[in-house]
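Per TrEMBL, the features are:
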{"type": "SIGNAL", "residues": "1-29", "note": "signal peptide"}
{"type": "DOMAIN", "residues": "25-223", "note": "domain 'GH16'"}
{"type": "ACT_SITE", "residues": "GLU109", "note": "active site, nucleophile"}
{"type": "ACT_SITE", "residues": "GLU113", "note": "active site, proton donor"}
Amino acid sequence: MAKLAYSGFKDFLLFVIVCVLALSSSVSARPATFLQDFQVTWSDSHIRQLDGGRAIQLVLDQNSGCGFASKYKYLFGRVSIKIKLVPGDSAGTVTAFYMNSDTDSVRDELDFEFLGNRTGQPYTVQTNVYAHGKGDREQRINLWFDPSAEFHTYTIMWNHRHVVFYVDEVPIRVYKNNEAKGIPYPKFQPMGVFSTLWEADDWATRGGLEKIDWSKAPFYAYYKDFDIEGCPVPGPQNCASNANNWWEGAAYQALSPVEARRYRWVRMNHMIYDYCTDKSRYPVTPPECVAGI
């Protein structure tokens, strides 16, 4: 009886240890503090840590903008950040959140660019996809809420099947893997996670017609809940292609029926520009548009 009791106690103790380790692992994995996953790349004095590093403030003034990047590159996965954008008259400012292979002629890149506005006008989000050095795939939507009033979640999901850009779990853009039709797809180069706040009044607001009003400076954007789940590079050789990675699972190979309805709603009601239909730039429709994005 004593041996059985001891054996049962050991099993119970092992169960408790496993549960504690699992809980601590899941808690520490996300959301991370800023310095766990990121480092300042541009103008350290213009990025301020808040709430013990669980949030940051980006500052743009006449002296400088600023930027940060992940410490590692990743090959497939999901990146998500909550952002509260520049409020009020933000014309001429750009807040960017993107993934980039940090290579030149053949770079891969997945972009969120939030284009500032004059007070009362909707905030525009521009997305772009670079694959094997080819970009110029801009799409723009007007957000259906005020993104400067509170935090909203912006996510890039990237797997072997497609890239999906989400705003608060609403898909606003899908770029499918159409390699079988000879269309480049970003899958060979790991990408880092980057963000910047900068002045671009030569193009950002109404094509550069609305200039930045420096009397409204400094401009602030806020970030929190930094969440990167992917295959860090360097890392295990089989991680990127492992079918057991959750982002490669069946549930993430295509939009769910609910997501598909939300996606159509965004495209019908909030899209203001799509390179696929811009005949002045592309008299011949780009092949990925014909293949279905």
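The backbone N, Cα and C atoms fix where each Cβ goes, and this holds for glycine too.
Long-range neighbours of the residue listed as 'active site, nucleophile' (same chain, six or more residues apart, CB within less than 8 Å of its CB): TYR98, MET99, ASN100, SER101, ASN128, VAL129, TYR130, GLY135, PRO186, MET191. Long-range neighbours of GLU113 (active site, proton donor) (same chain, six or more residues apart, CB within less than 8 Å of its CB): VAL94, THR95, ALA96, TYR98, VAL125, GLN126, THR127, ASN128. Mean model confidence for the domain 'GH16' (25-223) is a pLDDT of 92.
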